[in-house]
Amino acid sequence: MYHQLILMALIGVIMANVVPFSMSNIPEEYKEFIPEEVKNFYKNLTQEDRQILRELASKHATFANEDAALEALKNTSDKLYQKAVELRNFVKAKIDSLKPDAKAFVDEIIAKVRSLRPEDGQKLDMEKLKQAARDIIAKYEALNEETREELKATFPNTTKIITNEKFKRIANSFLQKN
């Protein structure tokens, strides 16, 4: 079960950071595992919103940090900026509520996932993604029980998803070494 928790956290962060700007590009069998907040963010995007996000994503390497990217978004579309900030604040509040060990673990996951973001014009390297998931799982298993329980309590939807048999099959299949 711990493997699936980490993979779901990894998938959630990836979805929030590198997912296509249309939910229709995501295979049906994976849509149910996307966090509701991410789905809500994408649900009401207009074609113009999607285009703005595509343009900003294509320039991701030029932004020093998340704040710089948000500032560029604000200069382009205040409405879209507000939606992005709302999603960011939701996630940030959850992370900030964690005790130091759990917070450090989540921060490490986020940094690892950001490092996986492909360069402009490149595709996501699935082998690097699988290795990152394996590394994160190993670190998760090294956490004490109290920290694991805190992560489960703070991210209850993730816990609900990881107990899903379909998700377990997909996660185990995904992590198989080729």
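Glycine is treated like the rest: Cβ placed from N, Cα and C.
A quick note: this is a predicted structure, and the numbers were derived from the prediction, not measured.
The signal peptide annotation in Swiss-Prot covers 1-16.
Swiss-Prot lists N44 (among others) with the feature N-linked glycosylation site, giving sequence analysis as the kind of evidence. In three-state terms derived from DSSP, N44 (N-linked glycosylation site) belongs to neither a helical nor a strand segment and is classed as coil. Sequence-distant contacts of N44 (N-linked glycosylation site), defined by Cβ-Cβ distance under 8 angstroms and a gap of at least six in the same chain, do not exist.
What Swiss-Prot lists as coiled coil is 67-89 (among others), and the listing cites sequence analysis. If you look at the coiled coil (67-89), the same-chain residues 6 or more away from its ends with a CB under 8 A from one of its CBs are 16, 37-38, 41, 45, 48-49, 52-53, 55-56, 59-60.
According to Swiss-Prot, the feature N-linked glycosylation site maps to N75 (among others), an assignment based on sequence analysis. DSSP assigns N75 (N-linked glycosylation site) to a helical segment in the three-state reduction.
What Swiss-Prot lists as coiled coil is 122-154 (among others). On the 0 to 100 pLDDT scale, the model's mean across the coiled coil (122-154) is 82.
Annotation comment: Swiss-Prot describes N157 (among others) as N-linked glycosylation site.
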